[in-house]
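If you check Swiss-Prot, you get these features:
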type: DOMAIN; residues: 102-224; note: domain 'MPN'
type: BINDING; residues: H173, H175, D186; note: Zn(2+) binding site
type: MOTIF; residues: 173-186; note: motif 'JAMM motif'
Amino acid sequence: MAISDWPEAERPREKLIQKGATVLSDAELLAIFLRTGITGKSAVELARNLLTHFGSLTKLCAANLHEFSKLPGMGPAKFAQLQAVMEMARRALAEELKSGDIMDSPQSVRSYLRLSLGGKPHEVFVGIFLDARHRTIMIEELFRGTLTQASVYPREVVKRALYHNAAAMIFAHNHPSGVAEPSRADEMLTQSLKQALALVDVKVLDHFVIGNNETVSFAERGLI
């Protein structure tokens, strides 16, 4: 049955307008983005198929064009639309992070990092460079690795901190496995970075590990 034949209160777009986006399921939100289904499938059914295929909304949003286009009804146009939506969300969150003390917006930091790093098939290590008032100077990808690890060099991080004239930093990296639990190696690396940056009077405020459905803060766990 086409969505237009559904009771009005059950149609995703009408439900969003009447009750707000937060009440919609992932499939309903995705259906609004897709706008139309394909032969034999409504937009909601197609959205459910996409989520089942990729395993989660995070992994769907992180898929490349080749993976995305394998599914019926998906192609370059829909892929470009999805990437544009994702980039607008990232930029909006980045603007918020640059508007004041980053420590006053912990949820915005988590949201930005999950949107930027969640679901990636390889490990990415990011640095957020801050001034003395903890305002964002720059958000920069520092290292990129493989499915299991990224090689991080404290000396290079110190160079970038000096280049940006940073007074403090926040680090983040993803776990492609989807599990956000920090490893012993993550803890040791964080301490190495903290010690190296202390030599140039740069504080490490936090280190986030990003999984598919969770973000772990070293500071909250007392690991900084």
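Positions of Cβ are set from backbone N, Cα and C atoms, glycine also.
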Task: Reduced DSSP assignment, H173 (Zn(2+) binding site) - done: strand
Task: CB-centroid shell, 8 A cutoff, Zn(2+) site H173, H175, D186, site residues removed - done: E123, N174, A180, P182, S183, V209, I210
Task: Local confidence of the prediction over the motif 'JAMM motif' (173-186), expressed as mean pLDDT - done: 92
Open item on the list: Going by DSSP assignments with H, G and I as helix and E and B as strand, what are the residue counts for the domain 'MPN' (102-224)?
Closed with: 40 helix, 34 strand, 49 coil
